[in-house]
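Under the heading active site, TrEMBL lists 216. TrEMBL lists 117, 186 with the feature NAD(+) binding site. Marked as domain 'Aspartate/homoserine dehydrogenase NAD-binding' by TrEMBL: 11-106. Feature annotation from TrEMBL assigns domain 'Aspartate dehydrogenase' to 164-250.
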Ligand SMILES: NC(=O)C1=CN([C@@H]2O[C@H](COP(=O)(O)OP(=O)(O)OC[C@H]3O[C@@H](n4cnc5c(N)ncnc54)[C@H](OP(=O)(O)O)[C@@H]3O)[C@@H](O)[C@H]2O)C=CC1
Ligand SMILES: O=C([O-])CC(=O)C(=O)O
């Protein structure tokens, strides 16, 4: 008989709540919710004990990070060093090369990344073995309010707020963009993880008042082929910066880690 995977969730928000509720309801064969970590007191809202981070690391086989890039920076290495595995949603933290290098080398815990809001990462990772991808582009289009940032000047904010159509708010690489939109463009770092190069992924971030669905378009080509993946997600009603599908991508990752048969890997 295989052991049940004890899972702790860090971040009881749009992602964590759905993942934690599903785990507590035994929706993921071979995994159970052991505890929850969050900034705010959750009281009865959490279906498992709310504990400090240190205690979660001690009690769990696997921690799901669904809190933000800062949590990855502060805790990821300690989780892995303690022997606990870590599944990261805030992949944008990996734009820091030093941190990325340390996490990939850390152990005995293992680090994993969820595909989150983008598709096709499995194929892009496979394609690397045929040779480099020369051209990789990601275009992310979201509601303007979900893209407002403290560093933006009045002129850009005014343009976003009064837009009647799409407005490009940033063009850069997967190294620059997730740092500027830490809660909204982790997908850029996820594409870069699949492609194996942060600087090779050209990213456009577009604010569009008509974007009732969040759109991510990944386009890549090389001598061996051309690839295009486009998704249009309903945003989470409580946190429209996050697409509603993301917790289900995390649950899919958890099912694979728990060893459920029949998974597409
Ligand atoms: N890979 C992907 O495709 C995606 C990745 N993400 C990443 O996942 C993260 C979480 O998303 P989402 O659930 O929508 O965010 P929410 O803001 O809805 O929830 C995050 C929760 O984590 C809590 N939190 C933040 N920092 C800490 C901390 N240091 N310790 C404990 N709790 C903390 C927050 O509390 P408080 O509000 O008090 O800070 C909040 O309750 C995003 O910030 C983003 O980085 C999101 C969408 C897609
Ligand atoms: O949920 C999404 O569509 C993407 C997102 O917020 C992120 O990548 O951080």
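Glycine is no exception: its Cβ is also placed from the backbone N, Cα and C atoms.
Annotation for the residue listed as 'active site': same-chain Cβ neighbours under 8 Å, separated by at least 6 residues, are 117, 118, 138, 139, 140, 141, 187, 229, 230, 231, 233. Confidence for the domain 'Aspartate dehydrogenase' (164-250), expressed as mean pLDDT, is 98. Remark: residue 186 (NAD(+) binding site) has 69, 89, 90, 91, 92, 116, 178 as non-local neighbours, by Cβ distance under 8 Å and separation of at least 6 in sequence.
For residue 117 (NAD(+) binding site), the number of other Cβ atoms no farther than 10 Å from its own Cβ, over all displayed protein chains, is 22.
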